[in-house]
Amino acid sequence: MFCVQCEQTIRTPAGNGCSYAQGMCGKTAETSDLQDLLIAALQGLSAWAVKAREYGIINHDVDSFAPRAFFSTLTNVNFDSPRIVGYAREAIALREALKAQCLAVDANARVDNPMADLQLVSDDLGELQRQAAEFTPNKDKAAIGENILGLRLLCLYGLKGAAAYMEHAHVLGQYDNDIYAQYHKIMAWLGTWPADMNALLECSMEIGQMNFKVMSILDAGETGKYGHPTPTQVNVKATAGKCILISGHDLKDLYNLLEQTEGTGVNVYTHGEMLPAHGYPELRKFKHLVGNYGSGWQNQQVEFARFPGPIVMTSNCIIDPTVGAYDDRIWTRSIVGWPGVRHLDGDDFSAVITQAQQMAGFPYSEIPHLITVGFGRQTLLGAADTLIDLVSREKLRHIFLLGGCDGARGERHYFTDFATSVPDDCLILTLACGKYRFNKLEFGDIEGLPRLVDAGQCNDAYSAIILAVTLAEKLGCGVNDLPLSLVLSWFEQKAIVILLTLLSLGVKNIVTGPTAPGFLTPDLLAVLNEKFGLRSITTVEEDMKQLLSA
């Protein structure tokens with residue numbers, strides 16, 4: 001096992017990465033190794049997808065499957081080894097079908113890629129795990145060095161984050177051939193074990209630029225189906241009655257669940273990154289969407305154990321449900337998996353609803369505590385002139401984009417302390433689950449404009465980028481000249497690709513934490529600092545002083 005893709009990876013003087021029987025996330029060495037094998041199979045599939053496009057062949061089954069299967073290897077998504085192997089077998093079957101299509105056009109069609117003809121050696125998981133050793137990401141570290149390995153992983157993990165957003169967009173009916181062609185090209189190239197530093201750096205920026213387009217079609221999918229988010233108050237306390245909790249990012253799953261629970265007497269609560277769903281008109285119209293439950297994903301083993309109903313996981317993040325003994329009432333959807341947990345293959349939630357009706361639910365309603373979400377792209381752009389006016393009248397000094405992933409590391413209290421230290425004449429724009437560090441606190445307003453503005457899920461960084469570009473255009477300056485600072489927390493690969501997106505768009509002087517990614521060497525961090533001004537957090541006092549004086 002070698003896995004260094006998330007923030008909680010093991011760090012030692014001898015090197016970084018989880019390499020024992022089990023990773024810090026709970027992923028076993030078997031599952032981790034089989035995910036490496038799956039990625040190799042997907043690289044071979046992409047190599048043939050690139051070749052097929054040369055012949056004008058576009059296989060939509062391949063395009064829809066490849067990013068989805070890659071998404072299953074993202075942190076805290078799928079811990080079920082047999083399902084990972086199932087994805088690998090499906091990748092190979094699709095590859096062979098695509099290869100046959102190419103050979104039908106050109107009998108001499110071939111692909112020069114080491115993954116292009118990969119076959120699984122056995123049905124036995126142990127044998128497959130031994131085969132997977134051939135594809136361990138750091139297998140040639142001694143030959144290429146830590147810097148090249150780090151850049152390869154930056155590209156691989158960044159592309160994995162983009163694949164997750166591609167799947168979210170695909171579920172909502174969004175498709176862009178140029179994006180899929182670019183994805184396959186990059187995925188196939190990474191399967192050749194590239195070792196050119198400049199080419200890898202360029203690839204990382206290409207991934208960032210591609211992901212901006214992905215976020216654009218995802219935004220179009222969400223707003224096209226569910227309307228543009230508008231500011232909405234959400235209760236974060238319990239309401240009496242039967243209940244279901246839904247977590248993850250998939251708004252379509254939430255919509256289907258709301259439709260199927262309507263009139264059943266079962267209330268629905270969002271959790272984690274599903275909180276922004278309350279801002280969408282077509283979702284909040286369901287009166288039994290009664291609130292949001294819990295805090296950051298890392299607290300789920302305690303909070304889920306206390307929730308008196310079933311739980312549905314639509315995407316990341318899931319962690320071991322046996323710890324809180326709720327594994328008999330947690331359900332997985334789509335690419336999510338945990339051994340022994342029931343999986344929903346389709347859109348029918350009737351079994352979950354039946355379980356909810358059989359459980360006690362909340363016995364009484366707690367005193368409501370309301371927070372505000374729903375500052376989507378249209379709302380943000382509608383406030384652009386107000387922001388400019390406040391800045392011109394020196395009522396608004398600075399905007400801090402304070403967001404990203406949450407996690408268990410104690411140093412993450414930095415983000416709570418930073419938020420509460422932001423001066424009263426400054427505004428906090430937040431997104432993603434890092435907001436749970438401070439989103440239940442009171443921040444007041446500036447002439448009626450809330451000082452805490454929740455822009456949505458992690459992919460809604462797109463809205464923040466569009467706002468920044470709009471403000472810069474109206475003020476006749478560059479984005480980096482705005483009174484705007486980005487302080488980002490990271491945990492997994494979606495955060496990595498968001499960072500690459502920002503860097504590829506030329507955004508500079510981003511501050512990140514709580515630690516630097518374990519796969520980035522001091523040399524690589526120095527390069528990113530020199531090119532983009534990217535740096536790690538220090539202390540709240542020092543960072544606040546530096547950012548306000550910039």
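Note that Cβ sites are derived from N, Cα and C of the backbone, with glycine treated the same way.
In Swiss-Prot this protein carries:
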- C3, C6, C18, C25: [2Fe-2S] cluster binding site (BINDING)
- H249, E273, C317, C405, C433, C458, E492, K494: hybrid [4Fe-2O-2S] cluster binding site (BINDING)
- C405: cysteine persulfide (MOD_RES)
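Location within the structure of each feature annotated in Swiss-Prot.
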residue : record                                  : Cβ contacts under 8 Å, 6 or more apart
C3      : [2Fe-2S] cluster binding site           : T9, G17, C18, S19, G23, K27, S32
C6      : [2Fe-2S] cluster binding site           : M24, C25, T75, N76, F491, E492, Q493
H249    : hybrid [4Fe-2O-2S] cluster binding site : H168, E273, M274, T314, S315, N316, Q457, C458, N459
C317    : hybrid [4Fe-2O-2S] cluster binding site : T75, N76, V77, S247, G272, W297, Q298, Q300, E492
C405    : hybrid [4Fe-2O-2S] cluster binding site : E7, A432, C433, G434, C458, S489, W490, F491, E492, K494, A495
Using the Cβ center of H249, E273, C317, C405, C433, C458, E492, K494 as the hybrid [4Fe-2O-2S] cluster site position, which other residues in that chain lie within 8 Å, going by their Cβ?
G272, W297, N316, A432, Q457, F491, A495
I need the least crowded one of these binding-site residues (E273, E492), counting other C-beta atoms within 10 angstroms of each C-beta.
E492
Considering the binding-site residues C25, C433, which residue's Cβ sits among the greatest number of other Cβ atoms within 10 Å?
C433
Neighbouring C-beta atoms (10 Å sphere around the C-beta of C18 ([2Fe-2S] cluster binding site))
22
Taking 8 Å from the centroid of the Cβ atoms of C3, C6, C18, C25 as the cut-off, which other residues in that chain fall inside it around the [2Fe-2S] cluster site?
V4, Q5, Q8, T9, G17, G23, M24, K27, S32, T75
Using CB atoms and a 10 A radius, I'd like the single residue among the binding-site residues C458, K494 with the highest neighbour count.
K494
